[in-house]
There are 2 protein chains.
Amino acid sequence: MSRPAALPTDLEIASAATLRPIADVATDLGIAPEHVEPYGRDVAKIDLAAAAAAPRGKYVVVSAITPTPLGEGKTTVVVGLSQALRRLGTNAVATLRQPSMGPTFGIKGGAAGGGYSQVVPMERLNLHLTGDFHAITAAHNLLAAAVDNHLHFGNELGLDVRNITWRRVMDVNDRSLRNVVVGLGARADGLVRETGFDITAASEVMVLMTLATSYQDLRARLGRIVVGYKGVGKPVSAEDLGVAGAMAVILKDALKPNLLQTLEGGPALIHCGPFGNIATGTSSVVADQVALSHAEVVVTEAGFGADMGAERFFNVKCRLGGLQPDAVVLVATVRALKVHSGNYDIRAGRALPQELFAENPEEVRAGLANLRKHLEIIQAFGVSPVVAINAFPQDHDSEHAVIAELAAELGVRCAVSRHVAEGGAGAEDLAREVLAAAEEPTRFTTTYALEDTLAEKIEAIATKVYGADGVDYSPDAAKALQTYEDAGFGDLPVVIAKTHLSISSDPALMGAPSGWRLPVREVRANVGAGYVYAIAGDMRTMPGLSRHPNAERIELAPDGTVSGLS
Amino acid sequence: MSRPAALPTDLEIASAATLRPIADVATDLGIAPEHVEPYGRDVAKIDLAAAAAAPRGKYVVVSAITPTPLGEGKTTVVVGLSQALRRLGTNAVATLRQPSMGPTFGIKGGAAGGGYSQVVPMERLNLHLTGDFHAITAAHNLLAAAVDNHLHFGNELGLDVRNITWRRVMDVNDRSLRNVVVGLGARADGLVRETGFDITAASEVMVLMTLATSYQDLRARLGRIVVGYKGVGKPVSAEDLGVAGAMAVILKDALKPNLLQTLEGGPALIHCGPFGNIATGTSSVVADQVALSHAEVVVTEAGFGADMGAERFFNVKCRLGGLQPDAVVLVATVRALKVHSGNYDIRAGRALPQELFAENPEEVRAGLANLRKHLEIIQAFGVSPVVAINAFPQDHDSEHAVIAELAAELGVRCAVSRHVAEGGAGAEDLAREVLAAAEEPTRFTTTYALEDTLAEKIEAIATKVYGADGVDYSPDAAKALQTYEDAGFGDLPVVIAKTHLSISSDPALMGAPSGWRLPVREVRANVGAGYVYAIAGDMRTMPGLSRHPNAERIELAPDGTVSGLS
């Protein structure tokens, strides 16, 4: 992310921070000490009993216009906005996903916010934190072991060995594990078959944890996980294999959200980290339940642009979790709007073209169709949007003005936010607009009814949210939809896995594409987590390391000091 | 384990226990609050800085005669003895291995002691504890990913793809992962090759953590890990791959020992859990350094019988860790000595024959050769042994008397211990004998010099410790020894991986076998951990689940209560 030349690095800022005792942070939020379990000095787990009170807080979700491959700073807005709200005397809390550890050793940055809007301690946030991802890995792989154990001992349930959908997971970037053959060796070493590994963030258990509302609900959802199918197309579940209870026990502590703090000492609940393409891309329902039980305002994030993140935040997370949204912050940047003019080719890992930083309000205006479309998407859900202009040092006032003009024209609140360079103080204007928007009456409505068919739901998202002319299914996808309807999964909500770099399914189409159809290549079901997902594009669920990964720059000094994490 | 009919189950006893605040347990041990980091309410991590003081405590290791497949209760003796010592007014601490989580869902029991000599909280001890095993899994597998990433990007170092020794690990019982092919799929999905997974307890990183003495030493050992060889037989290390620093960062918190408590509220440091056959089978050097810095007596355990566990405790752990042993407790049971008469066939998972429980002091006497041999093994190290008769409810006084007679004949201290049924109160006699033995002068000596060749070291253990007539090497083993000497690993200590069910390498030979030779099939090097190991027998490094594993009996209730763990 671009930043003022004078600004220290994220790690320098985070390392220089003086952290408050985490018990004090919990107390300020209003959580009773008996619900706070310390995990090290600067992190605590919050007991689910802390969510027993009736929710009282306003629920604000931070979304964005269609991002460039670099991201437009949603996480920094969540942190900066929560900091600003607390400066204004509001008991606010940020709720965010936990970053995946695997990519820490690949390429990455900014998982904990950035600049003066970060969550700390950064070292623990980027590594094991309290071990929740490890617990998810262990529960997932116990089920995988049970599947192969069942095959080894004679396959009493009649699983079709060529239609086993449950893979294994590991929180590491390891391309060699994408496709593997297991069970080689002697008879005692299991049955030979092809399978593979995904990164833990892509585990169905990860998103299941995100959507579970209680221990009872967790246990029930785990039991419903489908691991594969019988010869005749009937699903076989974790319950059938008898290990859902053990999985729940492995996950017991992991279901408790983790309390950390912002650089300004306010509370941040960090919990779960499901993928934003094949899953919800949000933090957990239970973390938000805990937060809403205590805070006046809860600021959370939905992955990618509003077409993807906000859509499933409303249609899946809020609906399944019984949560009522009060406002949406839509993050826009000058640079991304310029890219939506269609005049730039931006790629991750490459330097941004210098022309992007020249004063050019007309190019911003040329990209406004994207912002307009995302605002329409949000308004269709009946929730008030606020445009947050995430200011970068290379921006020009004339460019911000173009964005503000559109907001004024549409009657939408808007503010410039300088939280990366200035912390909460830089987001106070935004905070005031968000407080006002959250006070407005909300007529929250979803895009489809759960009673609609799966095909109707997919079509509703494609046409009503994305603006597609319709949906085209591959023969396999059409067949899978029918199979899922027959298997009784037809009343689940849906998630559409497509590129996040366009509102359409073609990453090259900028702005607000029209005259296109959504091509669905494949449909899969996360029955335990509780949704069906349609795949429109290539979805990679196990990253690889680069030729010289970040791991090569990470070091531990003899005194225990860590360097090279970012 | 057999137990009085009236005794509640381990889980019932553990669940009924009232735990002390862990901070108070630390204070009693003498650890300053600034070195204590709470992890939940009942567990803390102890900062390595707590080991800075000069060691002051007596160092007592609990070993055993050659066990039956059921084990003879060493862990219960460690816990019960530490409880008894505290009852006598001695500041004692137990240091133990952390149980592996994978087998919790297979078949197992008693990892935390048993009866009224247990470490609590049992639930956390048997599951994630503070995540150390998960960190070891992650560090191990990051290195594996780096190996395959290096191959993917052109294999600049020239690794021989068919001589890569670094596998992957997972803390799960999953036989299907023993032998796998990775890298299938497209060109972007890595290089196809055969490899496999071990359980995390078998990871070289696990035993490396056990032997590391500081962050600096941890970092250096990680760098020396050999992942495979170049075409010309030269080792390639984790340092060569550039990821040893990142591994150390992943392991930073895991190197801090975990403080739990005994059922009587005394301190227990739980740390690391390497295999007892291919590794040291001990808890960590740093945990013992911390313990010896504060306690008057530190009671720890060495895996299996004295031929294996105590041998490598002295020759490897004490030598590499700079630790000075003061006494050995040798656990003997009536039932195991009867088995050493050669008249019984005992197998894990089968009920014990009823004849084993009939009063029969002559059969105990017939097995005494095993006890005598183990006492000789210990005395050769120059450390005073104490025989602990671990009393079972089916024992008869006449049978205990036979054991005590032998001890008296050899001038060795001896006591009956009833710690399982009675807790610390039942081990006070033993505690008094141990205190007296630890006061005696020690002339600690090792079996071989590090300067000896690897073959000389293996021969020394085989002949001087086991009582073999000599060693026979397979051609592969002989070649490997030469390769390791050439590669500069000749000055490492050695570990011999053989059956624990006999002092010989043949599990069927009871008592004190003579007239046999040790057949070494294979030799491997854990260069990072710092030893070479010779394999004499089949060593399984990835267990499988049974047809109906314990996982099927484990359940989470809606209120979060766990059942079925044992």
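From the backbone N, Cα and C atoms, a Cβ is placed for every residue, glycine too.
Annotation source TrEMBL lists ATP binding site at A:T68, A:P69, A:L70, A:G71, A:E72, A:G73, A:K74, A:T75.
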Using CB atoms and a 10 A radius, I'd like the single residue among the binding-site residues A:P69, A:G71, A:G73 with the highest neighbour count. A:G73
Over all shown protein chains, what is the count of other CB atoms within 10 A of the CB belonging to A:K74 (ATP binding site)? 26
What kind of secondary structure is A:K74 (ATP binding site) part of, going by DSSP in three states? helix
Tell me, how many other CB atoms lie within 10 A of the CB of A:L70 (ATP binding site), whichever protein chain they belong to? 20
Please identify which of A:T68, A:T75 has the densest Cβ environment, defined as other Cβ atoms within 10 Å, among these binding-site residues. A:T75
Set of same-chain residues at least 6 away whose C-beta sits under 8 angstroms from A:E72 (ATP binding site): A:A64, A:I65, A:V331, A:A332, A:T333, A:A336, A:N390
